[in-house]
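Over in Swiss-Prot, the protein carries these features:
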type     : residues              : note
ACT_SITE : 48                    : active site, proton acceptor
ACT_SITE : 75                    : active site, proton acceptor
ACT_SITE : 199                   : active site, proton donor
BINDING  : 12, 23, 200, 221, 222 : 3-amino-2-oxopropyl phosphate binding site
BINDING  : 14, 15, 50, 55, 105   : 1-deoxy-D-xylulose 5-phosphate binding site
SITE     : 156                   : site 'Transition state stabilizer'
């Protein structure tokens with residue numbers, strides 16, 4: 001069995017910005033939410049500057065970089081304009097994601113095979129700038145192997161299909177998607193990639209995936225912010241950290 005890596009929680013604050021933008025003005029402030037999340041135990045903050053600026057804005061990203069004390073993970077489409085903004089912002093990491101204007105949220109993993117010629121120079125520029133690049137991809141062996149060939153140090157496995165199947169009670173599909181994640185995490189680690197997970201995770205699925213020894217980080221936003229409406233952000237994050245700890249403890253018990 002692989003030795004379990006330390007497990008980090010990245011909190012995504014996009015949905016705070018969505019709520020702010022629904023009415024306009026400055027409140028609620030995603031930077032304030034990020035600071036509160038760090039106070040509550042987040043190891044880092046994730047924010048997605050979409051091309052249509054539907055939630056996070058350029059000024060938010062600049063403030064996050066300037067004001068938070070933990071690493072900033074800058075989610076972005078792989079476009080020349082976004083690359084320039086990210087290089088100017090100098091976050092700890094960037095996560096390259098697919099992006100379509102008509103989607104409500106990121107619907108699938110990045111096709112790194114089909115776009116390798118575009119991605120390669122971007123990844124090289126980030127590596128040269130000391131910015132870690134993560135590729136948000138499905139747990140597909142060919143995509144994982146291409147990520148390694150592109151010299152991206154990190155992948156984030158898209159957990160959405162698995163989480164959706166779990167929520168829908170589709171046990172057969174959930175098990176199939178879970179086995180893809182398990183195999184993908186093992187393969188990724190074997191080819192030298194750091195493995196993260198994200199999209200659609202809640203307390204239960206976060207606990208389950210935390211038992212995979214290859215997973216080093218989970219990036220979670222929507223569930224945390226939704227639960228925060230009822231229990232507060234601090235308690236929502238505390239419960240998530242507890243769920244992740246239970247998953248790691250289950251792993252240690254079987255080691």
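FYI, residue positions are counted from 1 along the chain as it appears here.
Using N, Cα and C of the backbone, Cβ positions are placed for all residues, glycine too.
Projection of Swiss-Prot feature records onto the structure.
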residue	record	Cβ contacts under 8 Å, 6 or more apart
14	1-deoxy-D-xylulose 5-phosphate binding site	30, 46, 47, 48, 55, 56, 221
23	3-amino-2-oxopropyl phosphate binding site	none
50	1-deoxy-D-xylulose 5-phosphate binding site	56, 77, 99
75	active site, proton acceptor	12, 46, 47, 48, 49, 94, 95, 97, 136
156	site 'Transition state stabilizer'	95, 134, 135, 136, 137, 196, 197, 198, 217, 219
200	3-amino-2-oxopropyl phosphate binding site	159, 160, 162, 163, 164, 167, 222, 223
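Counting in whole angstrom, residue 15 (1-deoxy-D-xylulose 5-phosphate binding site) lies 13 from the residue listed as 'active site, proton donor' by their C-alpha atoms. When the record's 3-amino-2-oxopropyl phosphate-binding residues 12, 23, 200, 221, 222 are compared pairwise by CA position, the greatest distance found is 25 Å.
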